[in-house]
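The feature ATP binding site is assigned by TrEMBL to Arg113, Lys119, Asn142, Asp143. The Mg(2+) binding site annotation in TrEMBL covers Asp139, Asp143. Residues annotated as domain 'P-type ATPase C-terminal' in TrEMBL: 165-415. According to TrEMBL, the feature transmembrane segment maps to 200-220, 232-249, 279-297, 317-340, 347-366, 386-406.
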Amino acid sequence: METAVNIGYACSLLRKDMKQIVITLDSSDILYLEKQGDKQALAKASLESIKKQIGEGISQINSAKESSNANKGSSSGFGLKIDGKSLDYSLNKNLERSFFELAINCASVICCRSSSKQKARVTRLVKLGTGKTTLSIGDGANDVGMLQEADIGVGISGAEGMQAVMASDFAIAQFRFLERLLLVHGHWCYRRISMMICYFFYKTIAFGFTLFWFEAYASFSGQAAYNDWYMSFYNVFFTSLPVIALGVFDQDVSAKLCLKYPFLYLEGIEDTLFSWPRILGWMLNGVLSSLVIFFLTTNSVLNQAFRRDGKVVDFEILGVTMYTCVVWTVNCQMALSINYFTWIQHFFIWGSIAFWYVFVLVYGYLSPGISTTSYKVFVEACAPSGLYWLVTLLVVVCVLLPYFSYRSFQSRFLPMYHDIIQRKQVEGIEIGLSDDDLPKQVQGKLIHLRERLKQREL
């Protein structure tokens, strides 16, 4: 009786236009064997019954697909309902693949009265079978296995205790907060982490390849392009804080717009910002930046009267000039990549550049035994020279102009979802995307959400 009540409740959770597939062991034959107490015969009959029901469900779905293709129309989705007893047999090794095929072809799957182990096994089956990222949400101790098995676990704190929260990756107080967790913070975090990793590749390659080009220029003699402390402080002080600010504060669109236009979440599902082409693009950008920085710097300052007394540039001056161009370039590249500026990001970006000048000034005043190749290079040679400042400006503009042009072209003619919203927001135009402009999976979700809203209004 309890199972029948839970199955009936599950039916009410599905959309009215869904065709329902129910897998249960409430048939008269199974109930008769339960009364007889023959466990072996009961297990065999139950397995055969579940196998038959799964096969009928798959046939029903295939028939609906063929009918839909023949009529060139869209068939309504299927909803699968299964109780815990039937689920135990469905997860048998012989039926596992068939059950997965049936479940994956249904729009909704509801498992009633399932145990903690069953929830974890279903989650593992979906995760391994589809190869996609899985998220589980639960509020009780029987959800712990499912939360730990999924790629992302969300626990709800409340009357059921704190076991689910302690075993989860994220904790929320109410189920309705899941919408904001996914559509707002999920979208922001995906963008921040993707941009942060890509930028790490970029700034490391841009710096490292200038060393490689210099070694090739010096015939791999072992002559150092930069002072040892320059290289040690590059990732610690001069370029680390801006990328941390990017990973914490950046927002491409506001929280209000994330909720208003949920299709922004597709950027994470489609892996728009962290695909191999994008990663390789940032790496190529780093290589090209290093080429421009090295060759434009060397060709601009070498064999030129750099000092007032007519002396030309030596390796110490070339190293300071080239390093200054690297620091300016990678930090200005960060400024171009950020969508949402706060005073902290301004402070970190321009403060990192300013700190480089403070460091090279103070470090150059130390004794030659400590500052070595940096001894008063900035004060006596670089700062008084107009060529030093002109070369820095020229190199930074030449490096960033191609990226700026690419982003302008891409956001205008090949825009991503957030580019569309940003442009319309600046122009003050309401975004009016029709359902036909969105992917088919998004169209189905929108239909489902609209029906749920209508039910709430009624």
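Positions of Cβ are set from backbone N, Cα and C atoms, glycine also.
The transmembrane segment (232-249) makes contact with the transmembrane segment (347-366), as judged by at least three Cβ pairs under 8 Å among residues 6 or more apart in sequence. If you count neighbouring Cβ atoms within 10 Å for each of the binding-site residues Arg113, Asn142, Asp143, the highest count belongs to Asp143. Pairwise Cα distances among Arg113, Lys119, Asn142, Asp143, which the record gives as the binders of ATP, peak at 12 Å. Excluding Arg113, Lys119, Asn142, Asp143, which define the ATP site, the same chain contributes Ser114, Ser115, Ser116, Gln118, Gly138, Gly140, Met146 within 8 Å (Cβ to the Cβ centroid), listed in sequence order.
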